[in-house]
Amino acid sequence: MKIDILSIFPDMFSGVTGNSIIKKAIENERVEVEVTDFREYAEGKHHIVDDYPYGGGAGMLLKAQPIFDAVQAVKEKQPETKPRVILMDPAGKRFDQKMAEEFAEEEHLVFICGHYEGYDERIREHLVTDEVSIGDYILTGGEIGAMIVMDSVIRLLPGVLGNKDSAVTDSFSTGLLEHPHYTRPADFRGMKVPDILLSGNHAWIEEWRDKESLKRTYERRPDLLKNYPLTDKQKTWLKEWSDSK
């Protein structure tokens, strides 16, 4: 996969691409990440990327020209692909695990990170394929949002995680929150690991994990159960918890 990031603050991404899982993914050639300062594509002596909005109003808007030309330039480097051009914007579709899995199937992603009051509307109308938000709040720019999406997508790529099952069993990947985890020691200052996890009976352990996953979802994110295909056993557990309230 190739990921292009367009930002007027490219140095913000060095910490993400130079550490941990993403660094290893780049070193192992599972993904190529290139960060471009789209200010370099702005016309004129001073390379200005923003201007006042027509009709008045507060703040400055990112101009269409630098971003259009920067996107065209990164597309020309990968002429064999048809990239998803992703605009990070609070008005976009809420990012979730399903979207991460969808993006992970692509060959080429281009992230546009904005600043100031917003974008010239022609960028939305004629350039981007996706508008993505990481939540109902405002940040100073799109860079942090792009980092979140990029991290979530890269860890899903084949060969990136050491254990191929890690991404499959994560919270949200199964539709439920993940079950509790424990490691050694079995007794830490009187706080003990559930006996069933020490039993060695894999069938019991799997059932315990399934039940705890469902219980955690029921208690913390009941909205996720609305369209979840429950088994008969899971329905019985839910009824027990509901009746005990």
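Backbone N, Cα and C define each Cβ position, glycine as well.
Annotation source Swiss-Prot lists S-adenosyl-L-methionine binding site at G114, I134, G135, D136, Y137, I138, L139.
Features recorded in Swiss-Prot, as mapped to the structure shown.
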residue: G114; record: S-adenosyl-L-methionine binding site; Cβ within 10 Å: 23
residue: I134; record: S-adenosyl-L-methionine binding site; Cβ within 10 Å: 20
residue: G135; record: S-adenosyl-L-methionine binding site; Cβ within 10 Å: 11
residue: D136; record: S-adenosyl-L-methionine binding site; Cβ within 10 Å: 7
residue: Y137; record: S-adenosyl-L-methionine binding site; Cβ within 10 Å: 7
residue: I138; record: S-adenosyl-L-methionine binding site; Cβ within 10 Å: 6
residue: L139; record: S-adenosyl-L-methionine binding site; Cβ within 10 Å: 13
What is the maximum Cα to Cα distance, in Å and rounded to a whole number, among the residues G114, I134, G135, D136, Y137, I138, L139 annotated as binding S-adenosyl-L-methionine? 16
For D136 (S-adenosyl-L-methionine binding site), name the DSSP secondary structure in the helix/strand/coil scheme. coil
